[in-house]
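Swiss-Prot lists 1-21 with the feature signal peptide, giving sequence analysis as the kind of evidence. Summarising the annotation, Swiss-Prot assigns topological domain 'Extracellular' to 22-485 and lists sequence analysis as the type of evidence. Residues or ranges marked as N-linked glycosylation site in Swiss-Prot: N40, N194, N252, N351, N377, N386, N438. Look at Swiss-Prot and you will find 486-506 tagged as transmembrane segment. What Swiss-Prot records for 507-1136 is topological domain 'Cytoplasmic', and it gives sequence analysis as the kind of evidence. Residues annotated as domain 'Protein kinase' in Swiss-Prot: 533-833. The region 'Disordered' feature in Swiss-Prot is assigned to 536-565. Sequence annotations record features per position, and here Swiss-Prot assigns domain 'Guanylate cyclase' to 891-1021 based on sequence analysis.
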Amino acid sequence: MRQLNYYIFISTILTYNLTHGQGPRPVIRVGITAALKTENGSIGWAYTGGAVPLALQYLKSHGYMLNFDFEFHVEYTECDLANTVRAGLNFMKTNNYDVIIGPPCAPALKMMGTLSTIYKKPVLGWGFVSESEISDMNRFPFVASVLPSTKTLGVVTSKLLEIYGWDRVALLYFKNELDYCSSVVNDVEKSLYNESKSVQIVMKAEIDGSNSESTSATLQVVKTRARVILFCAHAGGEKRFYLIQAGLLGMNSSEYVHVMLSMRSVGFGVQTSVGKKPLTLSGLPPIWESFTVNPDGMEDLAKSVAAKMIVIDTSSEVRDKTFLQYMTKNIVYAIREPPLSCKVPECLITNATGMGAYARHLFDVFYMYGMAVSSLNSTDPNVYGNLSLLIPKFTTAFEGMTGEVKLNEDLARKPLYQVYGLNSEYDQISLIDISLINDTVNVVFNYADGNTEVWHFWGGTRPPDTPVCGFLGKSCPLPIFEQYRALVIVAIAVTILILLAIIICMSSKIRNRRVEQSRLHSEWQIHAIKLRLPMHRRASKSSQESETESASETENFTSKSGDTMTSEFKETYTIQYLENDLVLTTAHQVQELSQAEMMKFVKLRKLDHENLNKFIGLSIDGSRFVSVWKMCSRGSLQDIISKGSFSMDYFFMFCMIRDIAEGLHYIHKSFLRHHGNLRSATCLVNDSWQVKLADFGLQFLQDEEEKPFKKNMLWAAPEVIRGSLSIEQMDSSADIYSFAIVASEILTKREAWDLSRRKEGYEEIKYAVKKGGQFVLRPDLHIDIEVNQTLLALVKDCWCENPEERPSAENVCKVLFDMTPNTEDNLMDHVFSMLEEYTSSLEVEVGERTKELTLEKKKSDILLGRMLPKQVAERLKAGQAVEPESFDLVTVFFSDLVKFTDLASKCSPFQVVNLLNDVFSNFDSIIEKHDVYKVESIGDGFLCVSGLPNRNGMEHIRQIVGMSLCFMEFCRNFRIPHLPRERVELRVGINSGPCVAGVVGLSMPRYCLFGDTVNTASRMESNGKPSMIHMSEAAHSLLVNNYPYQFETNSRGEVIIKGKGVMETYWLLGKMSLSNQSTPPITKVNHKPRKIASFTDSELTNYSFRSVSPYVENLSDNDDEEIRRVLRREMMRVEV
């Protein structure tokens, strides 16, 4: 491209003001590197260069630079690095200019900044120069810019997402020749990963502003993944293009939030001289207007999307809006006039309108320099380019055309961001001010009620990042009226239609089933009836014989796989019989199978390799799909490693690692292309200690399943953990990473990542692997035996952070083949020699296991005694059946913590558990003091009974009543540590009557109660009141008849009880003192003597002896003489 340059001199250079007797005025020489034909709408010199003379005019109108003249030299480098170097040398070395206005693009400015460190010349930055590297004072100490770093934009974006609770976002950006938005988005993405652990970028895509079809396709994908969309556009046309495309796809509903990322201080505005009604805050026309000669009629559509948009931008509040409008209209004319007098064709376009996006930044950076030089008040030419003198002046705040401008010590603009929205009049308003001071984020809210001032276009509610009805809108239930409206309107007609539909559907279903069954009779389909558990192998045998044979049939597997298997293996696989062979089965959820998926089963069954576990088939005619695999009797590799009792030397480890690599290589060459779930739990070991890979090729059956083991992610590659790949998108490199983790387990003889010895937990490890970075986290390779160092290097290469740098499975196999030890023994011979050594230590281990078994038996006996009555537990241990037992009269107790749900809502889960533990532990202590059996506790409820399993005559009613009063006394005194003002209240129900008790179930047997007595006791509790003991009439009669004058009760009256009708019930108020007892008449006719020998000393002390004189005369001869003497003496003392 032809290089253009020219010199412009102000006419007053080297002139003398003879009137005032002054010498020639100082001349400041300014070198300008501009772009004439690059990004005209943003940094094009014809649309931005006029900002320099306008800034000079503005300076002089405010009393600055009155005694200075300027010499301008412009070179059009077009952001080319070579041209930039040539221009920089010309400015700094050859002509020794005072100050350089740098190129308006980051790579070229960094080159110019490098030259400035050599020649010590200040460089002023504007345009696309927000990259974080430019603000590095160590690299570019002479570069000053009026734009903040894009790194700060990322921090502000992360803070906004945190404020509004959005964790799931999409990230879109427009591409242009300078890759401005690409650099912005990259810095924002890094900040989101560093600042927030919860934000997930579900999609990151580039938008072509010239291709509406590709943009529409991209937005269609966004609609299925996100509702909060972050996007970056560098020009006003791109912003309006995005709004129109989003509106055409219906993304202007209340579900969507569009967040525009900007650093140009324009907010919702566009820098142009054409416009209808400018925005009040920025003085710029809104982005939804059409600025072409022939409007496209899309203003309303774009406006509807803009209403659902918020903007993160540097402060755009311009104080002098009059001059801004003047600048917008005259900038293209100012460049044609002195002092610049641009005469190139681009500057002389007669119909040119509008102002470049970064013209205001060019204005501010030159205005900042002019103020700094003026404030020095010196005519010494050496100070004009002395940055050490200018820096203190640069850091002085001033009001420019981009709002308030103030530079920090790094000569980058102190970021003052504002979150903009639109009010009900579609005028721009500032919602939030966010500033960064010393790495501290300061947030100032400019609204009082977010629902009315922020989210009014969203229906007054902040939209979530995930819609209630799902991203496809299929999760919302239909309203009941819509479901049954046809039945209400045409009931008779619908009935007839239903009958016809049933007949048609049944006929069609029968026909389709026959066709489907005939089509599915293939080699991979296994009928569910052919699969059976080992204990049901022969139904003709007796139960005891069947159990004996089942034990012998599975003895081989148990002895080889070990006494214990991991819970994951038990959850994943079930051992069953297929005909007469043991197989491994895995259950899957039922789903519709396509023709392609069924053909995949045929291909899976044909896969045959010595290091792949054979896929036998799939059962699809049961309640769940069941995949059937060949039996590997030694269990999984995870079982062998976790057990830790089998010694593995280097040859053994090497053979296992080689087997895994060979199996993985075969899968990668097959139609599967990847395993997708390689872990030590999916590496099975057969009789010959040969490792076989399993659980491959069926991921599409597991997509809808809940994964019970979250620690499976410990084997997943970083790109998989980040969620950027679906199962279909995974490739072989992710398997290579998982292979490295499994190999580390084998070499270290410890489970993945050795969590028991690491200070990091699962979540910390997962986050560190997901985050990546320069220093990545990987398992430790602490090996206690001598191994080939090449093998360790291979493992480290396989878990490389970059998937492209990981070796392929084929290369791994080649390296392992070259490392094969020189020995003629095979693995089985090696295993036999190891077993011979192992046998010598077997006796010692058997003795230790016997001791452990005895100890565990004692523990199990204690635990069983706590779960079941002693006599029941002994019968169960002896293998005897426990027959149900009937009890004529028992007392049943039910209790419930009142409003426990409300109380639990004020506590954390750990506090709830601790609260229940404190309360129920004290309840258990109270129960131990009474002849009461605790049946069970369910949640916050208690069920107890007295009178069974040990019969105690009529004592059961007194034991239950006494225990209930103790419960109430404890609740009155109990205080919740973390909620001292809250009280625990108990509601108790008591009933007496017959009952049947017995042990129910084989797995986790429980001692259960049956009978209407239990139901009535439950009704007493549910119909009671807080801190009250509610008794049925049966319990009350039993209490007052057998223990009169010992407990105080009160009739509640008749109450309607569910399932019982009207019942008269009673309140138990407490123990009755002698002062509260009814005094019987003093008469000896038909008097029945009454004993009080059962009273305790504490009770006698608390009684008022003024009311017991009538009882003294009624004592029988059989009463304790000592009690009579004490009572008489005390009564005489009181009367005196």
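Even glycines carry a Cβ here, placed using N, Cα and C.
Nearest by CA distance to N194 (N-linked glycosylation site), out of the glycosylation sites N252, N377, N438, is N438.
Cβ-based neighbour count (10 Å, all protein chains) for N386 (N-linked glycosylation site) stands at 17. Summarising the environment of N377 (N-linked glycosylation site), the number of other Cβ atoms within 10 Å of its Cβ, over all protein chains shown, is 8. Figure note: comparing Cβ neighbours within 10 Å for the glycosylation sites N40, N194, N252, N438, the maximum is reached by N252. Secondary structure at N194 (N-linked glycosylation site), taken from DSSP and collapsed to helix, strand or coil, is helix. Comparing N40 (N-linked glycosylation site) with N252 (N-linked glycosylation site), their Cα atoms are 31 Å apart once rounded. Within the same chain, no residue sitting at least 6 positions outside the transmembrane segment (486-506) brings its C-beta atom closer than 8 Å to a C-beta of that stretch. N438 (N-linked glycosylation site) sits 27 Å from N386 (N-linked glycosylation site), counting Cα to Cα. In this structure the alpha carbons, written CA, of N386 (N-linked glycosylation site) and N252 (N-linked glycosylation site) are 53 Å apart. Confidence across the domain 'Guanylate cyclase' (891-1021), taken as the mean pLDDT and rounded to a whole number, stands at 87. When the Cα atoms are compared, N252 (N-linked glycosylation site) and N377 (N-linked glycosylation site) turn out to be 56 Å apart.
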